[in-house]
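Here TrEMBL flags 7-231 as domain 'NAD-dependent epimerase/dehydratase'. The NADP(+) binding site feature in TrEMBL is assigned to 11-17, 106-109, 141, 164-167, 180. Residues or ranges marked as site 'Important for catalytic activity' in TrEMBL: 108, 110. Feature annotation from TrEMBL assigns active site, proton donor/acceptor to 137. If you look up TrEMBL, you'll see 188, 203, 210, 287 marked as substrate binding site.
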Ligand SMILES: NC(=O)C1=CN([C@@H]2O[C@H](COP(=O)(O)OP(=O)(O)OC[C@H]3O[C@@H](n4cnc5c(N)ncnc54)[C@H](OP(=O)(O)O)[C@@H]3O)[C@@H](O)[C@H]2O)C=CC1
Ligand SMILES: C[C@H]1O[C@H](OP(=O)(O)OP(=O)(O)OC[C@H]2O[C@@H](n3cnc4c(=O)[nH]c(N)nc43)[C@H](O)[C@@H]2O)[C@@H](O)[C@@H](O)C1=O
């Protein structure tokens, strides 16, 4: 991307979108196209088409989505499938109509089957049943991958779908019920420390394993992918199965390549926060997928790996939570 290229970051106030904006600005990109949800509702096809027609971005990072943790996905399934199908379809089509050079669509590791072999490789897509707690969201994301693939095949677009593992970092959603596990635990352990509570209750059995990537690393991977030279970038864009006989969607996993149990994670967050009491488990809450470890060899082969250690990422995330709490 030229430093003066027009770059649209959809969802720029979210966890990932805000990190992408930080990364681009630090690298000297100044022509960023940004719209809040209130300024442009991406579920509105007419408004999204008009925005692309007027602005003609060169590059698109598609980081706008309806996002939430296991309970939010399970509680609002209609919103998770509807909003995500609409947002991604509107942007992907408008990007084609307005000749966007490259588009990076963000999916999620939950697109892979609930019991996929571990670590999960890109070719494990569509090889088995999905985890029921997030199937509506996962199916929307799978439709997004298929849409990128179909547009590449039929129209010659250059759309790539990046599948991040579970993310955390500054600007996360710390809602007690609707958030993901790391921001939820930061909040729970902090509140217990401040109130002097003796126990923090963690959802589920503590046995599921998850892989966590720091949001600024995720942003760095996204900008790295968008800036790949043509030959490397195009090698990731998938092939036409009817011609090659191979199942090669335009897909790349983004993760760290190792995981921890939720019980281990809870211990680490309690140490980060400085909570010294007990940890209990509420087994009436869902565990979700038993394990979701990404195979990141494709990403490593093209030259990117995650730099941030979880202990330092968690410290920064906790400082971010404290800043937000002080401002509130
Ligand atoms: N967080 C995670 O652990 C993971 C995230 N991902 C993926 O990464 C991407 C970014 O996620 P993340 O940054 O965490 O999500 P956030 O919820 O933090 O941010 C999403 C952004 O999208 C915007 N948005 C949502 N709906 C609309 C709409 N209808 N019109 C315009 N803007 C809208 C939100 O604005 P507003 O808040 O104002 O509605 C917000 O800025 C998503 O595709 C997600 O699926 C994948 C794996 C893990
Ligand atoms: C990114 C990913 O995020 C979701 O899937 P998930 O990986 O299950 O994410 P989660 O962060 O919500 O939970 C991870 C694990 O942690 C346990 N857990 C313990 N205590 C809390 C807790 O207090 N809050 C939460 N949310 N989880 C907790 C929880 O029971 C589960 O076993 C989907 O939206 C999916 O669509 C998706 O893409």
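Every residue gets a Cβ built from N, Cα and C, even glycine.
Within the same chain, residues at least 6 positions away in sequence whose Cβ sits under 8 Å from that of residue 210 (substrate binding site) are 165, 166, 181, 259, 260, 262, 265, 291, 292. Less than 8 angstroms from the CB of residue 167 (NADP(+) binding site) sit 15, 16, 180, 212, 213, 214, 215, 218, each of them six or more residues away in the same chain.
When the neighbouring Cβ atoms lying within 10 Å are counted for each of the recorded positions (137, 203), the highest count belongs to 137. Around residue 17 (NADP(+) binding site), a 10 Å sphere centred on its CB holds 24 further CB atoms from the protein chains shown. Rounded to a whole number, the C-alpha distance linking residue 108 (NADP(+) binding site) with residue 203 (substrate binding site) is 21 angstrom.
Reduced to three states, the DSSP call for residue 188 (substrate binding site) is helix.
Counting only the Cα atoms, the space from residue 203 (substrate binding site) to residue 110 (site 'Important for catalytic activity') is about 19 angstrom.
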